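Database features, via TrEMBL:
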type: DOMAIN; residues: 30-149; note: domain 'Poly A polymerase head'
type: DOMAIN; residues: 183-238; note: domain 'tRNA nucleotidyltransferase/poly(A) polymerase RNA and SrmB- binding'
Amino acid sequence: MKVSGDWLDNPATQSVMGMLTGAGYHALAVGGCVRNALLGVPVADVDIATDALPETVSRLAETAGLKAVPTGIAHGTVTVVAGGEGFEVTTFRHDEESFGRHARVSFGASLQQDAARRDFTMNALYAQADGTLIDPLGGLPDLQARRLRFVGDPQARITEDYLRILRFFRFHAQYGDPEQGLDAEALAACAEHSAMLETLSRERVTAELKKLLDAPDPAPAIAAMAQSGVLLPVLPGAQPQALPVLVHLEGDKPGGWLRRLAVLTTEVETLRLSKAETRDFGKVRDAFSGIDSPAALGWRLGWRLGCDALLGRAALLETPPAPGWQAEVMRGAQADFPLKPRDLMPMLLGPDLGRALARAQEHWLAQDLKPDRAQLLALLGLA
Ligand code: ATP
Ligand code: MG
């Protein structure tokens, strides 16, 4: 069986794999790129596994005129930059101390061990530069059945790295069969160790949660997390009920993680969001409690956040927005408030000016953005 796609045909991918195979090493695309290519969904980045040691990867890259950045030397990862793209090249690895990360073993043995340290069978699929698939753990039938299965014993794998609990729900949301439900034994192991999620870095948790919430329908995975006690340590105070309603209202236009997160919770202190993300999240949450029209939301928040606020509020109220709401949010997003501060000067100055502008603005929004400049000046007694 072969995999294919622009990501593999890409001369940059071929040059990175070729610099390794040309020197007699193995080079295999692995993980997300192979999995997604088999599923026919977009490939984000290409990871490469090799039996060459990190210092050899760096040396071969330099000889080939490519830049090599030691981004994760402790994990055996060198990022090779080709055609403006970064390729993470990771040396076959075995996670047992006794083995040592510098050990050079025969290819067959080390590929098997590299596969064994990965989290799920569908993430342990490899492809050669010509697309030939290598499936050391039977991940392909699992992928075809959209069955998320831990590599090895779920208990053992979870205690090695508790982030795998979240990854279990994340990959199920992205690639699992929603009809099938989650593997009972793995689910029980996730539930048993859920308290350990608090020990993980906020960055790692946030990255997984965003990917989960970006899935077309994250609601079943979030419901399973709530039921098994996995949601609580990640998002204390989360209320999962409105999420399926939101996903239903979104229809064939799935929203992003921020909108989904906003209907789940008010508290995001357990996450690591950027300043801009925290501000946007707050704006959307604040809009839920108001009674702004779709056009007013569009004006206050802009098109994207206006849609997030409108649909999120509708989900929490369990009432679909009125037909044509998109055009209304857009009308608001494109509208210009007709008064400028200088229109009120010098009659009003300082805090008085600010208060008058705010009053005129609220009137204009409540009146469907219709009053013009003269009407607003009259409202303020300045006509
Ligand atoms: P995405 O498209 O979301 O990036 P991905 O499969 O590439 O999906 P990554 O988090 O980028 O996911 O990880 C790349 C690969 O590394 C995975 O496919 C998996 O084989 C392995 N991996 C990553 N994190 C872990 C982990 N915590 N435990 C075991 N294996 C992991
Ligand atoms: Mg990836």
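Glycine residues also receive a Cβ, built from the backbone N, Cα and C atoms like all the rest.
Bear in mind that TrEMBL entries carry predicted annotations, made automatically and left uncurated.
In terms of DSSP helix, strand and coil, the domain 'Poly A polymerase head' (30-149) has 43 helix, 30 strand, 47 coil. For the domain 'tRNA nucleotidyltransferase/poly(A) polymerase RNA and SrmB- binding' (183-238), the DSSP-based tally of helix, strand and coil residues reads 41 helix, 0 strand, 15 coil. Model confidence over the domain 'tRNA nucleotidyltransferase/poly(A) polymerase RNA and SrmB- binding' (183-238) is summarised by a mean pLDDT of 97.
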